[in-house]
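S.K.: The structure under discussion is supplied below as structure tokens; questions concerning it will follow.
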Amino acid sequence: MEEQKDYQAGTFTINMVNSDFSGDDDIVVPVKTSDESIINRDTVLKPKDDEDNTSMLMTFHDSKPSVLVVVLTFVASISGFMFGYDTGYISSALVAIGTDFGKTLTYGEKELITSATSLGALISSIIAGLSADIVGRRPVIMSSNILFIVGSAIQCGAHSLWVMIGGRFVMGFGVGIGSLVAPLYISELAPTKYRGRLVIINCLAITGGQLIAYAIGAGLTQVNNGWRILVGLSIIPPLVQLVTFFFLPDTPRFLISKGKIDEAEKVLKKTYNSASDDLIKTKIEELNNLNKILPGNNPLQKTWNGIKEIHRVPSNFRGLIIACGLQGIQQFTGWNSLMYFSSTIFEAIGFQDSTAVSIIIAGTNFIFTIVAFFVIDRVGRRRILLIGIPGMIIMLVLCSISFHFIDITFSGSTAVIDNSDGSVSGWGIVVIVAMICFAASYAVGIGNVPWQQSELFPQSVRAVGASYATATNWAGSLVIASTFLTMLQNITPTGTFALFAAIGVVSLVFVIFCYPELSNLELEEVQQVLTGGFNIVASQKLAKAQRLSSKEIDVEKKSTGEAFIKV
Ligand SMILES: O[C@H]1[C@H](O)[C@@H](O)[C@H](O)[C@@H](O)[C@H]1O
């Protein structure tokens, strides 16, 4: 039942339609104000919950993200690039290192070098959320730059296995911090309508970084000690990010949590060009009130309370289940086994130029991340997962079947394949095609959607929630990196890919029942969706209503050529 209400917000009187998420049919519908001359039309105000008629959620409907938002997104995404480059170069470096450490590396040693970064990232992602709340998102990103630089330098000069592993471990600390804080930073700054896309810019930087690392790796295979150049180059981007961040601000949400209201106001003004001063003030008030929700006199107490809240408050806990669930799915469906070991796999199948084939896989991942960029806010996060995951399952089954006919056996540190005539069999080609299609299905959905994790949590527990989810990602990556080659040896490639496919089926069921549509919803608004259940149907309707309403605003903007009111 829709009920017209008058709401008082500052000097504005707004007529609103009440909202109710308890049933599947009721959704928030923004309506026009009674006084169109006062309220800026780039704003939508909605009641926060049913019992609380006075609290509002405010959405700025800017037609484009401001220059500052774009600059901040790109600079923050250098962390994504480092994540991609550092996890990407290892595939070709493992082949290129050859006997540079005085011996041929065994599969176990290759796994150690690879997984050291995941282990470092796992540890740092646990503490990065807490640090981001205490000292700020910006300084924490800057500290990751130092770790990247030190880690790269150690690896560049490594002449033994353990020094190399040490360097990868230190670098992993930087990767873990960057992987958590960069998307958090971006999603806190992004206007609602563009949040999905702006966070995907960071994902594009990850997949682009992996692709570039593969390409440079391929170019340097014949160069003596070429892998050291490959690693050394990774010192440049963190240096650039470190210097640039000296001149950039932290997020308004963090600044407000520290009581730096004036600074927050300045950033908000630059983030939302067309919002009036009064509206900025209302937004600050709203964020300030949300901050006070979490008890505690100092950041440590607040964090501890945040950890408790995330488990106790059902909507937070649902957010946590989704965030960790999606990150787990991303890792345990096996994509990174290709990322880290594709050269090794293709070498095993019998390809002469295995690194080139790996570039095609990384390139597909990058290109389909661009596709995700265009569809994530329009088609929606849930739908792209429901398209991508079934595609992945089919391709994994195909890989599993093909490997059965390829007949590879692993002995010690080498793979033996029955290709006496030196050519790649028809089934080998099927594996490649299936892996390319797998990469496409992965990149369009589960490769990116989990990194939208920050939107699942209210401000009070956002960093803690993002920590849990990022740690799940790196724990999964660590398990895959440290067991994949051993799994190939022990349960055969057929068994390994069948296992990934089975995990894919469970993942699909999880998404169908637990992941609501969150595109176009205000960060603070997602909590309403997660109250009382996963509310899949209600969320889809709400996301659709919000998309249509913001489209309507855009159309009106175009026709009148001016900023206008739509509440
Ligand atoms: O989103 C990224 C991306 O899909 C990368 O290709 C993958 O290596 C990472 O593990 C993942 O988190």
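Quick reminder: no glycine exception, Cβ is built from N, Cα and C everywhere.
Unlike curated records, TrEMBL annotations are generated automatically.
According to TrEMBL, the domain 'Major facilitator superfamily (MFS) profile' annotation covers 72-519. Annotation comment: TrEMBL describes 66-85, 112-132, 144-163, 169-186, 198-217, 229-248, 317-335, 355-376, 383-406, 426-451, 463-485, 497-515 as transmembrane segment.
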S.K.: Need one number: mean pLDDT over the domain 'Major facilitator superfamily (MFS) profile' (72-519).
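M.R.: For the domain 'Major facilitator superfamily (MFS) profile' (72-519), the model's average pLDDT rounds to 90.
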S.K.: Go through the chain and flag residues at least 6 beyond the ends of the transmembrane segment (198-217) whose CB is under 8 A from any CB in it; none is fine as an answer.
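M.R.: For the transmembrane segment (198-217), the list is 65, 69, 73-74, 76-89, 91-93, 96, 182-183, 186-187, 189-190, 227, 230, 233, 339, 355, 358-359, 362-363, 365-366, 369-370, 372-373, 376, 443, 447-448, 451-452, 454.
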S.K.: Can you work out which residues elsewhere in the same chain, 6+ from the ends of the transmembrane segment (497-515), have a Cβ less than 8 Å from its Cβ atoms?
M.R.: 318, 321-322, 325-326, 329, 332-334, 337, 381-382, 385-386, 389-390, 392-393, 396-397, 399-400, 403, 446, 487, 491, 534, 536
S.K.: What stretch in 66-85, 317-335, 426-451 has the biggest tally of Cβ pairs under 8 Å against the transmembrane segment (355-376)?
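M.R.: Maximum Cβ contact count belongs to 426-451.
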S.K.: What residues elsewhere in the chain lie close to the transmembrane segment (426-451), defined as a C-beta under 8 angstroms and at least 6 residues from its ends?
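M.R.: Residues 183, 199-200, 202-203, 207, 323, 326-327, 329-330, 333, 335, 338, 342, 346, 349-351, 357, 360-361, 364-369, 371-372, 375-376, 381, 384-392, 395-396, 398-399, 402-403, 405-406, 419, 469, 473, 507.
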S.K.: Counting Cβ pairs under 8 Å that sit 6 or more residues apart, are there three or more between the transmembrane segment (144-163) and the transmembrane segment (383-406)?
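M.R.: Contact criterion not met.
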S.K.: Quickly jot the same-chain residues contacting the transmembrane segment (463-485) by Cβ under 8 Å, restricted to those at least six beyond its ends, or write none.
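M.R.: For the transmembrane segment (463-485), the far contacts come to 87, 107-108, 110-112, 114-115, 118-119, 121-122, 125-130, 132-133, 176, 179-180, 183-184, 303, 306-307, 310, 316, 319-320, 323-324, 326-328, 330-332, 334, 336-337, 340-341, 344, 450, 453-454, 456-457, 496.
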